[in-house]
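Asker: My questions will all concern the structure given below.
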């Protein structure tokens, strides 16, 4: 039976880029993979066809040859008839590169750098503003202290792979081309551990918790990240370790809210002080300070206290503290207080009292005009 066009197999156009081809392959590979496909009539040929098309169209040289010669470019001792045996590329190498995370596979590479780790650290506002040093304990993969990362039992050493002679790669003939792939014997490492370490069982790494002292600079905020170089997981077989990233989260404060380098707080005052003015104490992160409240202050008035905010983590400028005044309505009044308020209320009646509440007069005038317009 004639082989189908590779572009048709993947359902992409002839000018499709590599991203489109990989996307199509991923979708079809999941659909036809033997571990997931429950169709009894499917013998696996669909999956082989998709895999073959993907390998050709993601290799620039092979794709160029296919575009020029079609299937004939690969019919001489390579992939004729759609097979991947003999001189063909190993299935796990092709499929594992892209989808090892889906099916749990993926080939081993040369000794690689250790994985990065992340640690979420909660801080109080005071700690974030002033800076702090904290000890943290993290579980990670550390270099084996018996074999020192080699994976081999002390007194022995890994030996050079006889298949690839230490290169970690082998060359295979495919049609007009010679392709390179990971050595199937050593899985790309170039070495074989014949006598593995008893502690790490040849992995070169062991699970272990470690304690670190982390210095948090002054001025950090939620979302900031601190990098500790080389404090991540140990690399494979002596490769460099990854990094540890400390992710900062600042907890809510009962008094202050932070926006950038500025701090905000609400300051309640009684209506007598709002009307007559006076002096109050307000909190800052450095202690209490005096704030003068002018007469006739209204709710929502902002008072800026320069330099009482947060110093920038990058140095230099320092934010401000902004105090928002809230005029508080008195509660639990005594009879004497109620009587005094009634007398005050009576003084506001009539034209003489209009100047005491200009916003109220303006509002009432607006309401009156609104209803007058409705009745015209």
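Placed from the backbone N, Cα and C atoms, the Cβ positions cover glycine too.
Pulled the feature table from Swiss-Prot, pasting it below:
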- 144, 147, 197, 200: Zn(2+) 1 binding site (BINDING)
- 161, 164, 183, 186: Zn(2+) 2 binding site (BINDING)
- 5-70: domain 'J' (DOMAIN)
- 144-151: repeat 'CXXCXGXG motif' (REPEAT)
- 161-168: repeat 'CXXCXGXG motif' (REPEAT)
- 183-190: repeat 'CXXCXGXG motif' (REPEAT)
- 197-204: repeat 'CXXCXGXG motif' (REPEAT)
- 131-209: zinc finger (ZN_FING)
Asker: For residue 144 (Zn(2+) 1 binding site), what residues in its own chain, 6 or more apart in sequence, show a Cβ-Cβ distance under 8 Å?
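Answerer: Set apart from residue 144 (Zn(2+) 1 binding site) by at least 6 residues yet with Cβ under 8 Å, we have 151, 197, 199, 200, 203, 204, 205, 206.
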Asker: Measuring Cα to Cα, tell me the gap between residue 147 (Zn(2+) 1 binding site) and residue 186 (Zn(2+) 2 binding site) in whole angstrom.
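Answerer: Distance (Cα to Cα, whole Å): 19 Å.
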Asker: Which of 147, 161 has the fewest nearby Cβ atoms, counting only those within 10 Å, among these binding-site residues?
Answerer: 161
Asker: What count of other C-beta atoms do you get within 10 angstroms of the C-beta of residue 183 (Zn(2+) 2 binding site), across all chains shown?
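Answerer: That number is 22.
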Asker: List the residues of the same chain that sit at least 6 positions away from residue 164 (Zn(2+) 2 binding site) in sequence and have their Cβ under 8 Å from its Cβ, in sequence order, or write 'none'.
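Answerer: Result: 170, 183, 185, 186, 190.
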Asker: Looking only at the repeat 'CXXCXGXG motif' (144-151), what is the mean pLDDT?
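Answerer: Residues in the repeat 'CXXCXGXG motif' (144-151) carry a mean pLDDT of 88 in this prediction.
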